[in-house]
Each structure stands twice: as C-alpha cells, then as structure tokens.
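A short write-up of the structure that comes next.
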Amino acid sequence: MRFIDQVRIVVRAGRGGDGLVGWRREKFVPDGGPAGGDGGKGGDVVFVADDHLTTLLDLKFRQHFAAESGRPGGPNKMTGRSGNDLRIRVPVGTTVFFEALAGEPGERPPWLADDLDEELDQIGAIAWTDDGTDIPEPVRVQKSGPIRRAQAEKDRRETELEPGAQLGDLTFHGQELVVAHGGLGGRGNVHFRSSTNRAPDFAEPGITGDAYWLRLELKLLADVGIVGFPNVGKSTFIRAISRARPKVADYPFTTLVPQLGVVALAGERSLVVADVPGLIHGASEGRGLGLDFLRHLERTRVLLHLLSPDPTPGRDPMVDLKALEKELAQYGSMFEGRPRVVALNKVDTPEGQEAMGPLRKALRAQGIPLFPISARTGEGVPELLEALWRRVDMVRRGGVSGPTPASQS
Ligand SMILES: Nc1nc2c(ncn2[C@@H]2O[C@H](COP(=O)(O)OP(=O)(O)OP(=O)(O)O)[C@@H](O)[C@H]2O)c(=O)[nH]1
Ligand SMILES: [Mg+2]
C-alpha cells in the first residue's frame, strides 16, 4: 500500500499583451505612418522540484496560481514587457495530471458589442487593445502569422488533453516543468503597413495563456508511524494535528487501513504522520491485521509509541510498551536504532493523571522521556510534535538510520 498526498489547483499562465495601434509623431513629418509596438508574451507557470519540501501542504492553502500577463505594445515600435513566469516549488516526486480546462476570467470585455463582433468576424477574429486611451480600438487577428499559429497550437494542445493525462513527473532537485504556457503577444500596427494600406488602423490582440485545473500527486514516506494498541487514541491524535479525518470510536479496531496526516509546523516545516491500525499481541506472527501494519511501520522514519491508561485487564501502559517493542523486535531488525518517542495519551482523565507518575519514573530509569498528552484537549501536543520533528529532521539529514531506500516505494 502506498501513502498518497494529493491536491487540486488552478494554474493560469499570463495573457499575451495586445499589439498597439499607434502613429509616428515627429516634427516636420505630417503623415508619420504606423508605429504601434508588439505586446509582450505572457508568463509561464513552471513547477520546480525542491527537495526541501516533503508534502503538498503549501499548495492546499492557496489553490489559484496565476503568472503575470504581458504588457501591451508601446509607441515608437516598442515591444511591451513580457510577463514574469510564476515558479512554484513542489516536492521531488510530484506527478502532475491534467484535470480540466479552467474558464477564462473576464474573457471578453462586456463593452464589445455583438454586431461589431459579427462584422469584424468576416475579416478575422476580433478583440480589443489597450493603448492607454479611453476608447478601445478594435484589433484583428491576421489570417496567418505567429498569433494564428500559436492559437492553433494551443487549441491542438487543449483538444489532445484528456482528463487524467499525466503532464509530467518531477524526479530530481531543480527539475523544471512548464505546466501552463503564457500567451503570445499580438503584433502592433507597424507590421501591417502595405502598398494598399499605408495607415493600418488595427493591431493584433495577444492570446490567452493556458488555464488548467491540475491534480498533483505525491507518494509519501511517512515520517512518523504511530504504534499503539487499539483504542489508545491514534486516530484522535491524527485528527488533532492534521486535516485528516479518520473515524474515531470507543471500540478497538476502528481503523482498518492506515491513515495519513500532514502536519504543518511553524517555519515551513511539515511532518507526515501515519495512523497505523492497532497493533495486537502476536501481530508479528500475522495475528489480527498484524503483518500489514508492521510493513507500514517499516516505511516510517520515527516511531511514536502511543500509550493510554485505559483500565482494561492487562493494559498497564508499561506492559503495553514492552509488548509493542517485543512485536517490533520479532518482526525484524529494521526497527533497531530507529528513533522512538513515547507518549501517554488521555491525561485529561483521572486515570491518565494517575498513570503518568509511575510511567514517567519507569521510563526515566531507562533514559526515555515521556510526553504526556491529551489528543482530546490538545494539552502537551505541541511539545510532542516538536520532539518528533527534531528526530525526523535528524533522520532526514541522514544522522540516524532511517528506512532503507528499498522500502521507500
Ligand atoms: N478522554 C480522552 N479520550 C480520548 C482521547 N483520545 C482518544 N480518546 C477516546 O478514545 C477512544 C478511541 O479513540 P481512537 O482515536 O478511535 O483510537 P484508535 O487508537 O485510533 O483506535 P483503533 O483505530 O481502534 O485502533 C475514543 O472514544 C476517543 O474519543 C483523549 O486524549 N482523552
Ligand atoms: Mg483508529
């Protein structure tokens, strides 16, 4: 089973700037002729793979991404400035899928009258220009030329895009993928002077940039695997620290498939925590859903032992901890040396308060700190997350043996 993080976003490349209808105005030159410059190209939207990022969390908070449009052409044949590309950092390992075309915001200006539209349609497609004056100048797309070709190319791209089609895969640090192309700028009227028309009063509009709904997918390696007996509050904990919503109930084995929570910490840090279904005695021999769960844990960087004071027969937290460790050791040697954190949940209850002292003492004898928390009230949770972060960070930097690459699939 793979853990998958995914997010849907809209990317909009910049529109090309319109060509300008402009005239040479020089002293002593009565009829200056056309001098409107070309519009600048719209910016692209580019994904850049960055190995400092480990999740798609940042994109979830901001779903719309637009690159800058090109500026219109200027007077004296000046080309408008191109729009800046929008570069979006994504984690290495991100796969990009096309979902749908996104509608153009304000595609045609409302002041463009329909009849004028029809009339000009006879000549070519019509649009508008913004040359800085209040009166919009109608502009035409020429029957051939770069704008026609760029538009045809864009149309072809769009008809060929199937929902779900993979646009690309970012596999190494620094790799770039252009996911939405900026529109070409239109040509200014300076280009359209001919022997029959010495004063062309039209220019070309720029074309719109690609606007797509994309789905990004990232296979995650869980940073933290929660090890715990059924009913200790693993799912409640995941709900408290992330936007994941696994079911919580007061009976054991509520969770049957691993649940992932992506946790945001201050300073652009994030942690992936996996709620692995409850471990029971004999799991290493395949009891319960045992082996599957241990296999999931194999792929984590740090183990969080979650204990609870539930007064069920034989459920003393310290006994639980020993039993959990025994299961891990019997499964294999891969957990040896993997950092562990021990937390006692449900300290908002009298039983929790009672269990805290003896457990802390017993653990201290082995040099293990205890993090008392309540997944219900949030008490102690920030401290626990910081402790987990320190260890995860250490493993990510290669300081401590983590899961082997072979088990990262
Ligand atoms: N008082 C209190 N109750 C809690 C706390 N955390 C969880 N519980 C309760 O304990 C019960 C079990 O919680 P779950 O989060 O479903 O436990 P789990 O470990 O995911 O259980 P399984 O999926 O069955 O393995 C639920 O009734 C929770 O409301 C806590 O911090 N304080
Ligand atoms: Mg659960």
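Keep in mind that glycine also has a Cβ here, set from the backbone N, Cα and C atoms.
Feature list (source: TrEMBL):
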- 1-221: domain 'Obg' (DOMAIN)
- 129-163: region 'Disordered' (REGION)
- 150-160: compositional bias 'Basic and acidic residues' (COMPBIAS)
- 222-393: domain 'OBG-type G' (DOMAIN)
- Ser235, Thr255: Mg(2+) binding site (BINDING)
Across the domain 'OBG-type G' (222-393), what does the pLDDT come to on average, as a whole number?
-> 83
The compositional bias 'Basic and acidic residues' (150-160), counted residue by residue under DSSP: helix, strand, coil = 11 helix, 0 strand, 0 coil
Ser235 (Mg(2+) binding site) in three-state DSSP notation = helix
